[in-house]
Every structure is written in C-alpha cells, then in structure tokens.
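The following features are taken from Swiss-Prot:
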BINDING   G151, G152, A153, G154, V155, G156, K157, T158  ATP binding site
Amino acid sequence: MQEGKISQIIGPVVDVDFAEGQLPSILDALTVTRQDGSKLVLETQQHLGEERVRRIAMEGTDGLVRGMSAKNTGKPIQVPVGEEVLGRMLNVVGDPIDGKGPVLSKKSYSIHRTAPKFDELSTKAEMFETGIKVIDLLEPYSRGGKTGLFGGAGVGKTVLIMELINNIAKEQSGFSVFAGVGERTREGNDLWHEMMESGVIDKTALVFGQMNEPPGARARVALTGLSIAEYFRDEEGRDVLLFIDNIFRFTQAGSEVSALLGRMPSAVGYQPTLSTEMGELQDRITSTKKGSVTSVQAIYVPADDLTDPAPATAFTHLDATTVLSRQIAELGIYPAVDPLDSTSRILDPNVIGDDHYDTAQAVKQILQRYKDLQDIIAILGMDELSDDDKLVVARARKVQRFLSQPFFVAEAFTGLAGKYVKLEDTIKGFKEIIAGRHDNLPEAAFYLVGTIEEAVAKVKTL
C-alpha cells in the first residue's frame, strides 16, 4: 500500500505528496489516521505534476497537520451493500451513524460504477403502480424512470416520499434507498423516527450527507445511495425505489468542489462539468433485464427560476414531474399534487392503454374548465353560470376531492386508515364521476376515501 505525506491543507482540499511513479489514480480513496485514532477518507481529484495529488475530504479536516501519512487504498470509496444495510443509517463512506454497531455486510461496492451497457437495458416502457390515485392516474411513474418532485416547504414532500416507501414495501415487497443530500439534519432525524414508528424502516436503507458536512460528502452521498440500490437491482433482480432529497444540493456541492479545485466557473457560477456530473449519476438510474432502479428526486428550484442551470440540467433527465401546490394544500386536499402542472412521459395510450389515457384526459379537461371558470365564480357567483357549467363545476369539485386519499404514514394525524388503491379501481372511480353516475352524492363523500365504493358507503355516515 503506497503512502504519501500531506503537504498542504486548505479547508476540505488536501494536497498529498507521493514518491515518483506511485501517484494514486483519479477517484482513488486515501485514508489518514488522525492523532485521536479516527480515520478520514480523501478522494483523489487532480494530479499536480509528477508527485502531488489534490484530494477532497469526505469529513472535516480538523486535526490534520502537514507531514501526516496518507495511505492509498488503490480503489475508489467502497460501501457495504446487501440486505444487511436495510434498517440502517450510513454516511457517505458507508460507516453507520445510527449507533447500532458495525454493518456486517458480506459485500461492498465502489461508489463510482459504470452505467449498464446498452444491451443490458430493458427497453420496455412500463408503468410503476404506487397505489396513490392522483399519481397513478395523471402522472404515472415509469419502472426504472426518474421523477422530479417539486414543492416548497410544508406542502408534503416528505410525507409523500414516506407513503411511496410504505406502499412499495408492503404491496410489492420492494426495497427502498433514501439518500439525504445536503438537506437539514433535523429533517433527516424526523424521517428516521417517523420511519421507525410506521414500520417501513426494515425495508429501507438510509444514507445521509447533510448540509453541515463538507462539499465532498454532499457531492458523493447520492452515488453511495445509488450503489446500494444497484446491488439490489443487479445481484438480486429486484425493483428498487431510490429517493434523492435534494438533487439541487448535489449540484451545489459539485459547484463548491469545482471552485476549491480552481476550475473556471461556468454559467451563473456553476461548475463547467455540471451536465457531465448530472449525466453520470442519472445514467446509472435505469431498468435492466434483471431489475430496475426507479428514482424520485426532490428538486429545489432556486428563487423559483426554472431556467437556472441546476434544475434545468435535472429536467432533461426526468420522465415525470410531480408538482406539489400550496393552493391545493390550503384546500386541505392531500396529497397536494397539482393535477394540471404535473406531467409524465408515459401518459400515452400506447403504454398505459386507451381506457386509462382517456380517463386521465377527461379528468384534466374538467379540472381545467373549472379553473377557467373560477374568475367568473369569484366575481359573479355560481348563479351566473349556465346549467352545463354548473354541472362541470359540481363534477370537478368531486373529482378534486376524490384525488385526495388517506395515507398509511399519516394515520396518526388524520385518524383515518390508509388506503392503497389499485389502478383499475382508480380508473373506474373517476370514469363514474365524469359520466355523472354520482351527481346525487354530496362533495364530502369523495373527500379522503380510497375507492368509489367507499365514497358511496360514506354517504350513510354523513
């Protein structure tokens, strides 16, 4: 094992000198043992001449001094993978941070892996059922696809993510991996405790590199989570759900690292390698003939500017977008998904079938018409509308309420049992409302129920 000596430390950037001919490869991991016995992992980023490498630290560089010895591991950062990591919380280098002792996994993967080869990819466009009505009907997720989850603070991103993890774990016996990238430590802590309470933790691996950590950790933690998910896909042939919260922080950390390495900034001060870094991550998230990694990525939009290079680069990779709206949350409709703003590439009759497609378009049409009429209603009131428009408004309001659904993970707050709604029941319910079969039922019957049969039964309790 080659050893070098630390020659310079500037924040998270550490230069190490090696003997001639012993330079580590780019992306190789080095370990430094501090005076208190703790180990620090560094990742090679640049070769500076014949004998010096510049590296980025995965933790704080407190306690490092010039002249310290750094050992080259000869390979990139390795993280534990397999079923042993389920129910555990790890950091970027795969060390447990949940106080439950070491992770006794038999296998480890490098965090830098090549994307699957072209001939290994599955070309079949297939829908991924989530059991959440508004998503399955209007912006269906594709198996092995990438979905962007947009929303401000407090509109229900985390609850939606937890419900997806719960549904995949219980209905499809699937595993989930959650990568917390540069978000608040408090949110990660809340998620950890809520997952333990709701019982979904045993089917989930959590990897965190939060906003108090150096940029090296934040720029790599998404790759750590992805490697864990890839193991389940490639070795066990499973369909895995990968959550990244927040993909913008991944770009932001890359920008910090780039500046520290002295690269010339690109548009809006971002790194010149922005699209390459995003592409390397997103290209690995895909379906193969063995299994799939389906990802849901929360995306923070800086200053609500969708043309900012960071969200704009992420958009090019997405198959579907789920937009959470504060206006809908204010109506008390949860999940607060905006049915008109959210999109999906597979909302296509050739993929999902004519029945599903026609129902989804009819729902969007009636909601759009209701939206157009809202100004008239606000100024003149309902009485000024034609009879046809009154009927449209009545049905649209029922549709809007029927898009809400009680969640398993929110049972403690709503007092209602959670519901997983199968796609055929979702389509059947909305078709009946639009066809006018339930015009005689009050709006309240459709609020926070699962299937249309439950709405009909609820009338008796009102």
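Heads up, the Cβ atoms here are built off N, Cα and C, so glycines get one too.
Among the binding-site residues A153, V155, the residue whose Cβ has the fewest other Cβ atoms within 10 Å is A153. Within 10 Å of the C-beta of G152 (ATP binding site) we count 13 further C-beta atoms, all protein chains included. Other residues of the chain with a Cβ within 8 Å of the Cβ centroid of G151, G152, A153, G154, V155, G156, K157, T158, the ATP site, are L324, A329, A336. Taking every protein chain shown into account, G151, G154 are the binding-site residues, and of these the Cβ with the most other Cβ atoms within 10 Å belongs to G151.
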